[in-house]
Amino acid sequence: MFLLPRFVLVSCIIGSLGFDNPPTNVVSHLNGDWFLFGDSRSDCNHVVTTNPRNYSYMDLNPALCDSGKISSKAGNSIFRSFHFTDFYNYTGEGQQIIFYEGVNFTPYHAFKCTTSGSNDIWMQNKGLFYTQLYKNMAVYRSLTFVNVPYVYNGSAQSTALCKSGSLVLNNPAYIAREANFGDYYYKVEADFYLSGCDEYIVPLCIFNGKFLSNTKYYDDSQYYFNKDTGVIYGLNSTETITTGFDFNCHYLVLPSGNYLAISNELLLTVPTKAICLNKRKDFTPVQVVDSRWNNAMQSDNMTAVACQPPYCYFRNSTTNYVGVYDINHGDAGFTSILSGLLYDSPCFSQQGVFRYDNVSSVWPLYPYGRCPTAADINTPDVPICVYDPLPIILLGILLGVAVIIIVVLLLYFMVDNGTRLHDA
């Protein structure tokens, strides 16, 4: 029993001599069941096409290029592919999901639907989209895109109403006004179908303001009706502003089924693409690496806003992004963050990744995995080790009981042996 305090004391001395096990600013994984979604900074195929071939273009270690655990596309992002004609079919599956993308839709692109629109609304949309994506990928293994087929019984076609620069919105699709309608005060519908996935992320969007057309102002109104369950999802314009508004989107998580898209005023919108979520898993927080430009170009913090514990851990560099290939590709700080993908780690937390699961100087917040259960609390001069007392108390009780049993047995056999000798 006297060995236990000495063991604790020795452990404290070892800790004071240098073992610290702090959380590290990396993304990593518990085992080989992981997947990364990214852009040019992790697009090995894009590197192959550069002339000369130059891996300094990436923040990803090239040793991971043949891992089969990466879905990345130069110049793209999941949000960009979700809404616009500039499309890449991000596809991947894993227990532990990592995202390092988003920079290819920022204030630098200054997207807005109309000349009097607002890029701020689109940054808000981006934040809402990634919030939904991160939350759901904490409970789903598989992500991919699927097309959403729809049937509209009118003669009008979809129109590219919402576009800016090289970006053209095609999800949701706008159905143009029928030729026999003199204005936009009409009701119109279209059927769409979701099948083949466990759940889907789909957009439901409206112009939240007074939309002007030919001297008339319109209030947008859009609904999705699940014909199988009777559930209806809807948005109505509530703002009275006439300028500075844009396309406000909500991102719904819907089950498979037959749906009806309904517009009571202005143009009908209907989803054409969806994030396909498959294979439910035990809750596993996703990891997100900040995706931003060099300070010479304007970035946003929407992935940071979207990534909140307990479903998401956010990792960022403390310095400006300065690449070695060019200012926006090959930054040492972000390369260091991604270097954690080269090895397994036992514990993840809001503060970072722990390399060991025994003791640490920092109590992990929102821990996941096999995490340290003890911490070194350092006063200015004296290191004090603080352990979870319950295991120590229980161990002490068990040792005490064992000693008592041993003593009782020894006394029993000594008395019994003495009796036998006396009888002889």
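Just so it is clear, glycine is given a Cβ too, placed from its N, Cα and C backbone atoms.
Over in Swiss-Prot, the protein carries these features:
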- 1-16: signal peptide (SIGNAL)
- 7-127: region 'Esterase domain 1' (REGION)
- Ser40: active site, nucleophile (ACT_SITE)
- Asn54: N-linked glycosylation site (CARBOHYD)
- Asn89: N-linked glycosylation site (CARBOHYD)
- Asn153: N-linked glycosylation site (CARBOHYD)
- Asn236: N-linked glycosylation site (CARBOHYD)
- Asn301: N-linked glycosylation site (CARBOHYD)
- Asn316: N-linked glycosylation site (CARBOHYD)
- Asn358: N-linked glycosylation site (CARBOHYD)
- 393-413: transmembrane segment (TRANSMEM)
- 414-424: topological domain 'Intravirion' (TOPO_DOM)
- Asn417: N-linked glycosylation site (CARBOHYD)
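All features noted in Swiss-Prot, drawn onto the structure.
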{"residue": "Ser40", "record": "active site, nucleophile", "Cβ neighbours (10 Å)": "22"}
{"residue": "Asn54", "record": "N-linked glycosylation site", "Cβ neighbours (10 Å)": "13"}
{"residue": "Asn89", "record": "N-linked glycosylation site", "Cβ neighbours (10 Å)": "11"}
{"residue": "Asn153", "record": "N-linked glycosylation site", "Cβ neighbours (10 Å)": "8"}
{"residue": "Asn236", "record": "N-linked glycosylation site", "Cβ neighbours (10 Å)": "13"}
{"residue": "Asn301", "record": "N-linked glycosylation site", "Cβ neighbours (10 Å)": "13"}
{"residue": "Asn316", "record": "N-linked glycosylation site", "Cβ neighbours (10 Å)": "17"}
{"residue": "Asn358", "record": "N-linked glycosylation site", "Cβ neighbours (10 Å)": "13"}
Length of the line joining the Cα atoms of Asn153 (N-linked glycosylation site) and Asn316 (N-linked glycosylation site), in Å: 49
When distances run from the Cα of Asn236 (N-linked glycosylation site) to each of the recorded positions Ser40, Asn54, Asn89, Asn301, Asn316, the nearest one: Asn301
DSSP residue counts for the region 'Esterase domain 1' (7-127), split into helix, strand and coil: 40 helix, 18 strand, 63 coil
Spatial separation of Asn316 (N-linked glycosylation site) from Asn54 (N-linked glycosylation site) - C-alpha basis, Å: 24
Mapped DSSP class for Asn236 (N-linked glycosylation site), helix or strand or coil: strand
Nearest recorded site to Ser40 (active site, nucleophile) by CA-CA distance, among glycosylation sites Asn89, Asn301, Asn316, Asn358: Asn89
Top Cα neighbour of Asn316 (N-linked glycosylation site) in the set of glycosylation sites Asn89, Asn301, Asn358: Asn301
